[in-house]
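What follows is one structure encoded as structure tokens, with my remarks underneath.
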Amino acid sequence: MCGIAGFIDFTKVTANKDYLRAITDTLAKRGPDGAGYQLIDNQYARIGFGHRRLSIIDLSDNAKQPMFNKKHQSWITFNGEIYNHERLKYELLPQEEFISTSDTEVLLKLLDEFGTESLQSVSGMFAFAYYKESENKVLLARDPLGVKPLYYSFENDVFQFGSELKPFHLATYFQLKIDHEAVHEYLKLGYINAPRSIYKNVKKLSPGSYIEINLANQAITEKKYWHIYNAYQTQNTKDDQDIFEAFKKVADEAFSNRLVADVEVSSFLSGGIDSSLVTAVVKKYNPTLNTYTIGFKDEKFDESSYAKKIASSLQLINKTKILEERDFLNYVNYLPEVYDEPLADNSCIPTMILCEFASQNVKVALSSDGGDEAFFGYNKFIFIKKIRDNYSNSWVRKSIMAILWLSLPFVKIFDGLIYNFYSRVLKLRDIFRAKTYVGALKAYETVFTPQEISKLTGIKLADIQSEEDSLPNDITSLMPYTYQYYLPSILTKVDRASMFFSLEVRDPMLDKNFVEFAAQVPFHLKYHQQKSKILLKQYLAEFINPDVFERPKKGFNIPVYKWMRGELNLEWKELLQSAKWAELGISNPKEIFKLDKKLSKGQAINADKLWNIYVLLKWHKYWHHES
């Protein structure tokens with residue numbers, strides 16, 4: 001795991017070695033173990049590849065990057081891990097000689113021999129830039145699910161790329177411009193999806209995609225080599241027991257592959273189904289696996305005791321850090337530095353704390369992201385299923401919508417008395433009004449409604465996401481949609497938090513084969529009789545008594561309302577007063593000041609909206625007022 005940065009300078013004078021070193025070193029926390037900077041001469045452009053190294057596989061200098069293959073006059077700078085690199089080496093490159101045991105060298109030679117077709121063979125998380133002299137092209141690619149990030153820009157004849165947005169702030173040949181449409185998307189969802197970034201002139205490469213830059217004519221071609229929607233086109237028709245046995249093999253391979261490393265690998269353990277299964281399966285291959293947990297002093301939210309029970313059942317060591325409210329507040333100021341693009345997920349804070357805690361002892365930790373998407377685990381899925389199942393009759397739904405619509409003027413009376421009351425009624429109305437399951441989910445996930453954003457910006461908000469129109473209108477559509485649009489925000493959260501503390505986090509349940517297999521599992525093996533994750537629980541029961549893990553989630557909510565009235569109130573007031581609203585495309589911030597007025601009076605308000613604005617203003621001040 002590392003950080004990469006670089007450029008293709010068609011002017012041959014704008015970007016030099018010093019600039020390459022500077023942009024690469026903005027990513028030093030992603031790779032504290034080493035650095036490499038390589039200028040490559042080409043008849044059409046000056047190419048710069050930079051790399052910051054976090055040594056995981058092959059700790060020797062033979063694996064340092066950028067890496068060169070003299071045979072093909074090719075270069076690569078690579079962030080991530082290829083978990084099946086040993087198998088690919090012997091199956092696809094039997095005649096090749098290797099000077100290292102690194103996955104980087106295997107990937108480089110695969111690209112030399114097979115080009116972009118090799119992306120179908122590799123299993124892992126990755127973002128890389130690759131150049132082969134004979135082809136006069138530079139290739140940038142990102143893994144299927146988008147675990148590893150990659151940004152790029154093309155301004156004034158200079159193409160630039162990087163693992164984060166930080167390197168782009170050093171550019172002198174163009175000025176970063178905030179994308180107001182991206183701000184609209186952020187206000188609506190709390191995150192910004194590819195291909196947008198917060199800046200108009202910087203893009204995110206989409207998951208499962210690559211771009212090729214033709215050096216002769218500066219043409220950029222983008223292609224999607226893998227799409228989650230394709231995985232859901234067929235269903236496994238074998239009997240349930242055969243599917244279960246096949247699932248165990250797929251899970252074992254995906255999970256055990258994540259142990260490939262020349263350093264210690266640990267596991268995050270929350271006590272939930274997903275992390276418990278990952279830990280249990282991996283323990284078969286690594287009996288001395290250490291587990292890391294954070295708990296909360298407030299027992300209403302604390303689940304660390306369950307994690308300890310799981311670890312005890314598996315005879316594993318569990319290291320737990322119990323947090324108080326003060327601990328969370330101490331990390332709030334890290335947010336804009338860690339997340340150089342605004343992300344309004346308040347679980348960013350405990351994620352940072354967990355990553356720092358684990359990083360004090362290890363370089364690699366296993367996570368369990370992807371289980372909710374694969375096996376219908378989100379509470380929001382279950383809520384929408386109940387709504388659609390119980391009120392499927394169009395006459396009943398229309399009647400409920402009419403009642404909700406007519407009641408809105410009266411509902412406002414209670415808005416200051418009952419927490420989020422008016423917003424909840426509006427959201428419920430939009431969920432009932434939705435024509436599809438995905439439409440209902442979009443309404444559920446909305447922070448600021450399109451109507452509210454129009455009030456703030458004076459611009460009618462266009463539908464941000466339309467690709468889901470190709471999905472069937474049934475309950476299963478929620479899973480691929482969430483993989484495509486919501487999961488990337490989770491992966492951003494984990495990538496930035498872990499890399500800030502120089503920790504590599506691996507996601508076994510985001511293995512491509514695991515995801516594709518799970519997509520084809522019949523729905524009744526995911527959700528049945530109001531219980532989700534059927535196959536996961538069935539397999540986990542082979543390791544742990546179900547009495548230990550069959551329980552409702554407690555969940556954890558950051559006390560945003562309390563903080564904004566207390567410890568963060570002074571900063572919140574200052575952010576509101578110093579905000580440069582026009583730069584953010586907010587022409588009418590009166591609605592935001594209304595939120596503040598209610599906050600000052602102690603009235604109940606929508607805490608998600610409050611946090612959304614707070615994170616945005618805090619980010620803007622850090623990167624554009626003070627930088």
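The count begins at 1 with the first shown residue.
In case you wondered, yes, glycine gets a Cβ from its N, Cα and C as well.
Just so you know, TrEMBL annotations never went through curation; they're auto-generated.
Record features (TrEMBL):
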{"type": "ACT_SITE", "residues": "Cys2", "note": "active site, for GATase activity"}
{"type": "DOMAIN", "residues": "2-216", "note": "domain 'Glutamine amidotransferase type-2'"}
{"type": "BINDING", "residues": "Asp103", "note": "L-glutamine binding site"}
{"type": "BINDING", "residues": "Ile294", "note": "ATP binding site"}
{"type": "SITE", "residues": "Asp369", "note": "site 'Important for beta-aspartyl-AMP intermediate formation'"}
**OP:** Report the mean pLDDT of the predicted model across the domain 'Glutamine amidotransferase type-2' (2-216), rounded to a whole number.
**Re:** 97
Subject >> Rounded to the nearest Å - Cα separation of the residue listed as 'active site, for GATase activity' and the residue listed as 'ATP binding site' >> reply: 25
Original post:
Hey, does DSSP put the residue listed as 'ATP binding site' in a helix, a strand, or just coil?
Top reply: strand
Original post:
Looking only at DSSP and grouping its letters into three states, which state does the residue listed as 'active site, for GATase activity' belong to?
Top reply: strand
Original post:
Looking only at Cys2, Ile294, the recorded positions on record, which one has the least crowded Cβ, with the fewest other Cβ atoms within 10 Å?
Top reply: Ile294
Original post:
Which residue, out of the recorded positions Asp103, Asp369, shows the minimum number of other Cβ atoms inside 10 Å of its Cβ in this structure?
Top reply: Asp369
Subject >> Rounded to the nearest Å - Cα separation of Ile294 (ATP binding site) and Asp369 (site 'Important for beta-aspartyl-AMP intermediate formation') >> reply: 16
